[in-house]
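Read through the structure below, which is laid out as C-alpha cells, and then see the notes.
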Amino acid sequence: MWMKTVFWGLLVFMLVATTMAVEYGARSHNSGPWSWCNPATGYKVSALTGCRAMVKLQCVGSQVPEAVLRDCCQQLADINNEWCRCGDLSSMLRSVYQELGVREGKEVLPGCRKEVMKLTAASVPEVCKVPIPNPSGDRAGVCYGDWAAYPDV
C-alpha cells in the first residue's frame, strides 16, 4: 500500500514540477532554441569569412564578386540552427571591429561608417535568401529587433 502512495506522490510531484518548468522556462531569456548558440554550451561560432569580405566590400560601395557572395551565402546556410545565424553575424562584426581597432562612432573603413556596416551585416540573410526566425514568427530576412542598433555589435 505504501508503494502506491509513494508512486502517486512522485507522479503528482513530477506533474507539478513539469508544469512549473514549462511555465517559467518559457518566459526565460535563457531558454529556447537561441540558447543552443552559446559558446559556453559547446556551440562553435562560425567565422563567416566570406560574409566578412562581402560586408566590407558592400560597406565601402564596391562591387561584390559573385564568388564572395556565393561563399558568404553558403557559409551562412551551413549554420544548421537558424537561431544562431544572426548571432554568428554579430560575432563576425565584432571581430571585424576588433581587427580594425574601431571605436564607437568611428569609420570602420574609409567611406564606411560603423552604423552602415551594422545594417549591411544585418541584411546578409536577406541578400542570401537564407531563412532566419524572429520573435513574431515570421521568417524575416533581416536580423530582427534592434540587433543593428546594439552598441556592442
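Placed from the backbone N, Cα and C atoms, the Cβ positions cover glycine too.
Of the listed cysteines (C72, C73, C84), only C72 is recorded by Swiss-Prot as the disulfide partner of C51. Looking up C59 in Swiss-Prot gives a disulphide bond to a cysteine among C112, C128, C143, identified as C112. The disulfide entry in Swiss-Prot for C37 points, among C84, C86, to C84.
Within the set C86, C128, the cysteine that Swiss-Prot bonds to C143 via a disulfide is C86. When the Cα atoms are compared, C72 (disulfide bond) and C112 (disulfide bond) turn out to be 20 Å apart. C37 (disulfide bond) and C86 (disulfide bond) are 10 Å apart (CA-CA, integer value). The Cα atom of C84 (disulfide bond) lies nearest to that of C143, taking the disulfide-bonded residues C51, C59, C73, C112, C143 as the candidates.
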